[in-house]
Amino acid sequence: MSGSASPGSGGQLRLGVNIDHVATIRNARGGDFPDPVRAAHLAADAGADGITAHLREDRRHITDRDLERMMGEIRLPLNLEMAATDEMLAIALRHRPHAACIVPEKREERTTEGGLDAAGQANSLKRFVDQLCAANIRVSLFIEPNPQQIEAAVRLGAPVVELHTGRYAHLSGKEQTLELQRLADAAALAAKNGIEPHAGHGLTYDNVVPVAAIPQLRELNIGHFLIGEAIFTGLDASVLRMRELMDSAR
Ligand code: PXP
């Protein structure tokens, strides 16, 4: 998550491990177990390049205390997923994580459904992008892979976009191939405009390779599948296997 390579310059694809769902399991019973910060350490040891966590308005998984501990304890760069609200902006500016990914958030959704409408909400997003960038936090916008959203990200001055792979993950056959092409086109358009493209949501061992093969992508953020698979194989093994699959695509 250093973001040091120039967009589209080739090189390794970073893996950001999202540890939200370790906290989901912990919160099902209250208490301290399992600990998402311990998961972050394990993911780091297994070859993750960064840790991602979404502090939701309703704190359904990651809590303010988790964020505080991660900022103090983990050695990998932290990518904080956040809604564009004043509360989250204040928290991000206080903690100054390496990166902040602005995501749409609806209380009733089970997970982040659909990307941010950067094109339709450019006016309200501008001050979030500007203030986070001014604090040296690497801002990314979680958007659908379409040219209007990339163009809006360019106008907003976001250094990074994260392309939503949820649709790709849920489709199959020809429709999935078409969605993959949209992801590839969006990544190329972002890189051409000096924006570093990332991708994530719904990625698994079975669908990650074609996405990882998109040459302009610099980072994938993966959570739910890795934590679920860890129940059977351990987190180190699930992260290692994902890393191998991503590397095999390059
Ligand atoms: N990227 C973003 C912006 C997300 O909101 C999420 C889900 O929290 C992910 C990546 C990871 O998605 P998944 O948990 O399906 O791997």
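Here the Cβ of each residue, glycine as well, is placed from N, Cα and C on the backbone.
Feature annotations, reproduced from TrEMBL:
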BINDING   Asn18, Arg29, Gly202, Gly223, His224  3-amino-2-oxopropyl phosphate binding site
BINDING   Asp20, His21, Arg56, His61, Thr111  1-deoxy-D-xylulose 5-phosphate binding site
ACT_SITE  His54  active site, proton acceptor
ACT_SITE  Glu81  active site, proton acceptor
SITE      Glu162  site 'Transition state stabilizer'
ACT_SITE  His201  active site, proton donor
Cα distance, His54 (active site, proton acceptor) to His224 (3-amino-2-oxopropyl phosphate binding site), nearest Å?
12
Top of the recorded positions Asp20, Glu81, Glu162 by count of other CB atoms within 10 A is Glu162
Here are some binding-site residues: Gly202, Gly223. Which one has the most Cβ atoms within 10 Å of its Cβ?
Gly223
Max Cα distance spanning Asp20, His21, Arg56, His61, Thr111 (1-deoxy-D-xylulose 5-phosphate binders), Å?
12
Go through the recorded positions His54, Glu162, Gly202, Gly223 and tell me which ones have a CA within 10 A of the CA of Asp20 (1-deoxy-D-xylulose 5-phosphate binding site).
His54, Gly223
Record-listed 3-amino-2-oxopropyl phosphate binders Asn18, Arg29, Gly202, Gly223, His224 have a maximum CA to CA distance, in Å, of 25
With the Cβ atom as the reference point and anything under 6 Å counting, tell me which of the recorded positions (His21, Arg56, His61, Glu162) are near ligand 1.
Glu162
For the recorded 1-deoxy-D-xylulose 5-phosphate site formed by Asp20, His21, Arg56, His61, Thr111, which further same-chain residues have Cβ atoms within 8 Å of the site's Cβ center?
Asn18, Ala23, Thr24, His54, Arg60, Ile62, Gly223
Using only C-alpha positions, which one of His21, Glu81, Glu162, His201, Gly202 is spatially nearest His54 (active site, proton acceptor)? These are the recorded positions in the record.
Glu81
Counting other CB atoms within 10 A of each CB, which of the recorded positions His21, His54, Arg56, His224 comes out lowest?
His224
Quick check on the binding-site residues Asn18, Thr111: which one has the highest count of other Cβ atoms within 10 Å of its Cβ?
Asn18
Just to verify: the residue among Arg29, His61, His201 with the fewest other Cβ atoms within 10 Å, which of the recorded positions is it?
Arg29
Sort His61 (1-deoxy-D-xylulose 5-phosphate binding site) into helix, strand or coil using the DSSP assignment.
coil
